[in-house]
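Working notes for the structure below.
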Amino acid sequence: CAMDWQVLTRELSLYLESQVRVGFLGSGVGLSLVLGFGVAYACYYLNSIAKKPQLVASNDHFCRFLEEYCPVVTETYYPTIWCWEGRVQTLLRPFITSRPQVQYRNELIKTADGGQISLDWFDNNDSSYYPDASTRPTVLLLPGLTGTSKESYILHMIHQSETLGYRCVVFNNRGIAGEELLTPRTYCAANTEDLEAVIYHVHSLHPSAPFMAAGVSMGGMLLLNYLGKTGRDTPLMAAAIFSAGWNVFESVESLEKPLNWLLFNYYLTTCLQSSISRHRQMLEKLFDMDLVMKARTVREFDKQFTSVMFGYRSIDDYYEDASPCRKLKSVGIPVLCLNSVDDVFSPAHAIPVETAKQNANVALVLTSCGGHIGFLEGIWPRKCTYMDRVFKQFVQAVFEHGNKIFSM
């Protein structure tokens, strides 16, 4: 038995040495394993990952409008084959996607309380489709929680709009884009006063121009809360919402899970603290800034800072008021909302599918993958994402065929 074991060991060693010399992939066994794994992974990807999004809309006319003029919402979404998991897409998108060059014209507008808001305009004066600036369609863009006009997803939206001949204006929340904070007040997802002022201002400058808005993440939440408040009484024709957090209670609970806290929550909290740190002298008039800067979660930051700033009795009162799911029934213009069901910022169970079915103006597009503002596709997703394509097709559909939304 000992002799047989020695012979077997020697033969196995000789075989392994020969494989090292030949090279693993050069052997039939290695090539078969690689091919087998590749076929198995491709089958798994095509059967379980690449899927058509779920389109939720109670209005058949709205559905047919989207199927004809915004067909991307009914087509299979093929997420990047090596990067489809939600957290990975969320983390990699800012580093992978390109940043188109955009030249802005900045405008500072005053608010009723003595503050100021920074707007970044992309006028698109070279538009050949709409040479008349007075009637050039305008898209108002709302970035995420600590985002500005410099975010890659905003730049891509502007690039898509430029090719269609449209004008864009980016609403930067107070104190976030380099301008001075003139009063001890910033912003939150529930208070729509600044957004109302911006919409009124933009519309007053171009009253004859078709006008719609698109909001991303917290920008989408703010836009939804505004639409729920105003109903049909808005100059906006329609709106597009991307990766909105529908229920803030569920969002913060998801972000406080250990892995999500490590990957997202702590970093986002430090971004919030950084966004107010340069305004510390102004904010110290009302807040214990040392306590605010000790926050280690978004919930702690909101408890010590945001909810106090806007006069809520408790953080629960603020989170209830900030949750767009409560106002969705009152939205009075066509709204398309894109979410991924693997978005840790907006858990699938918190997406108000049943509520959306009760409002003929609302359509939800739910993908199985995409993460939070991810939606990467293609082998090397440097340029256009699925979200960009939804934005481009829906904006074009509204501006060029909007009168058909409820008349088909």
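Start at 1 and count along the chain as shown; that gives each residue its number.
Placement of Cβ uses the backbone N, Cα and C atoms for every residue, glycine included.
Marked as transmembrane segment by TrEMBL: 22-46. Residues or ranges marked as domain 'AB hydrolase-1' by TrEMBL: 137-378. Summarising the annotation, TrEMBL assigns active site, charge relay system to Ser217, Asp343, His372.
Long-range Cβ proximity for Asp343 (active site, charge relay system), meaning a same-chain Cβ under 8 A and a gap of 6 or more residues, is found for Gly86, Thr90, Ser243, Gly370, Gly371, His372.
All protein chains shown were included, and the count of other CB atoms within 10 Å of the CB of His372 (active site, charge relay system) stands at 25. Note on Ser217 (active site, charge relay system): other Cβ atoms within 10 Å of its Cβ, all shown chains, come to 26.
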